[in-house]
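> I'd like to ask some things about the structure below.
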Amino acid sequence: GQVAYSIAEETERGVSVGNIAKDLGIDAATLSARKFRMITGSSKQYFNINASTGALSVNEPIDREQLCELKSACLLNYELVLENPLELYRMEFKVLDINDNSPSFPLSEYHINVPEFLSPGARFTLPSAQDLDEGTNSVQNYTLSPDEHFHLEMQTRGDGSKYPELVLKKALDREQQATHRLILTAKDGGDPPKSGDVPVIVTVLDTNDNAPEFEHSVYRASILENSPSGTLVVQVHATDLDEGPNGEVRYSFSNTTSADLQRMFLIHPHTGEVTVNGVLAVQRPLLEMLIEARDNGAFGMSSTAKLLVEITDVNNHGPEITITSLSSPIPEDALPGTVIALLSILDKDPGENGKVTCQIPDNLPFQLKPSLENYYSLVTSGLLDRELISEYNITITATDLGSPPITTQKTLWVQISDVNDNPPVFTDDTFDVFVEENNPLGAFLYQVSASDPDVGENGRVTYMLRNSTVAGSPLANFLSVSLANGSIYAKRAFDFEQLTSFYFQVEAKDNGSPALSAAITVNVYISDQNDNAPAILYPTSQNGSLAVEVVPRLADEDYLVTKVVADDEDNAQNAWLSYHLAHSSDSTLFRMSPHSGELRTTRSMRSTDFLKHKVVVVVRDHGDPPLSSTVTVGILLADTLPQALPDFDDNGEPPPLLNATNIYLIVSLACVSFIFATFLLFLAIVRL
């Protein structure tokens, strides 16, 4: 996950540094598809990656001295982020120094006052040159232009740093030569080497022959970085063996001390106290200054000491949380361990104050996993269910280890996207629908409804009839269902006498991929209507003639003449039948049982009764409104079945039997019968 490169500063734009795809083992062809990007804390983008080949090249020349100032090692850190899947690689570029800076002196000219009575061997501090390059490319040695009175020697301070000194090798004579003009040259160790010159003007004086001397060549002090203005850093002290004004010492910062440091600190000219002046806005933990002690003689002499100030860090920076990559929304079926976000957490404080712990609430199905240095991955730790929780506000809390600790929080809004993991749900498994027969075409029967907690197309439900048959015919011949709302309609009129009930299934299906479905069973019960009149099964007429029943001439009372049998195809009370006499040729002779349909005599027959009768029987159901049927029955009073049935007139009353002719015939028949009986009686007597 990490690769390091070295590159010389000032390398021209377009020069190849390496191949990041090859070095990290990544397929270069996938860089664009995986949305690669380089992340750095630098304000400039110094490098480019070719999306096709993975070649890493210089985008902008690097000035090491501008980028890293006085740091011994100049490093640029980049992060390469790839998605699908999310991966992070660290790239480290070490910027190598080249000898592109010449040594330089802070001032354009230096003046040294030398009393003429000084003996050979007297020493005078010369200015030190500065070179922004590092290592062997920095200042390595000094040379002095030839002069018979002076030569150059290098001295070493207590911390090991070297500086040039001007040494008097021959006594001076101000009257012969009052001024000596020397050239001090500083050279670095580059290839080729570079140099810088500064004139050194030596003025020969004839007073004040002792320079102040510090108690220590190097002073060390330590202060807190948040020390307020006026805080005492250190007090330096130098002594001058001269007396009077020549022995009075004044303190100041050497001209070689940077202007920034001279603004941060103040030195009291008389006491030598160094105090803080303003805010210590530095990034380096160790500051180096040169302090000059100069006497007040007419020809002031001076010496320098080094002051090293260590800035002790305080916990004054909170952790900084940066979201490098965030995948939102995430599907609810994401597996545990799926990377959601990549974040970096940095604290500018050094040491323990810059170490950070990071956490999120425990009651969330997520967890933070450390990645590379200062990086964390936010991954899923459990199963997600959008129908229960559709979004999460994840608060990331970063706390450093300082005292007191500083805490920073950042909230991530993660949305959960829907997947089709819920089928439609009906409130019941079955439902009963009651419909009256003879319904109109297109009549609304019932509306089924299913709910789906998914959203969008995954939650949009459509309805359809499952294939089945009813009474041997396809279900589609009987019913239709609305695709959108589940309303069920009749496509034909139902007939209770043919079909009393049936069932079918309605399927609810969502529009997810793959689609999920559920079904409900609907039981249809057809209610009867009184649409059928009673059908008389007995007695029946044939060829348009009346049904005739023969009754003995002298039948007794309550004699069963006939029983009317009828049937009604309707159901329940619509099929409950009752029997009534609508008409009778003799209302006193016959009666009808309303429940059984039996036609009986109300009294015994008489000889005077008519031989032919006609009754009209009405059979009526109990529907609303009731329907009825009638049957006309002819009744013949005879002891034997005649060979030919007589005709019945329309009103059902036969012509009178006891007309004059019939009376004569009866009387004659009676006389003959009497004579015959007498004759038989006579024969019997004679025989006896």
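Just so you know, the numbers here start at 1 and follow the chain as drawn.
From the backbone N, Cα and C atoms, a Cβ is placed for every residue, glycine too.
All annotation found in TrEMBL is predicted automatically rather than curated by experts.
The shown structure was predicted, so the numbers you read here are calculated from the model rather than taken from an experiment.
According to TrEMBL, the domain 'Cadherin' annotation covers 6-105, 106-214, 215-321, 322-426, 427-536, 561-648. Taken from TrEMBL, the feature transmembrane segment covers 663-686.
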> Give me the mean pLDDT over the domain 'Cadherin' (427-536), rounded to a whole number.
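Taking every residue of the domain 'Cadherin' (427-536) together, the mean pLDDT is 89.
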> Report the DSSP secondary-structure composition of the domain 'Cadherin' (322-426) as helix, strand and coil residue counts.
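Final tally across the stretch: 4 helix, 53 strand, 48 coil.
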> DSSP says what for the domain 'Cadherin' (106-214): how many helix, strand, coil residues?
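Reading the DSSP string over the domain 'Cadherin' (106-214) gives 3 helix, 53 strand, 53 coil.
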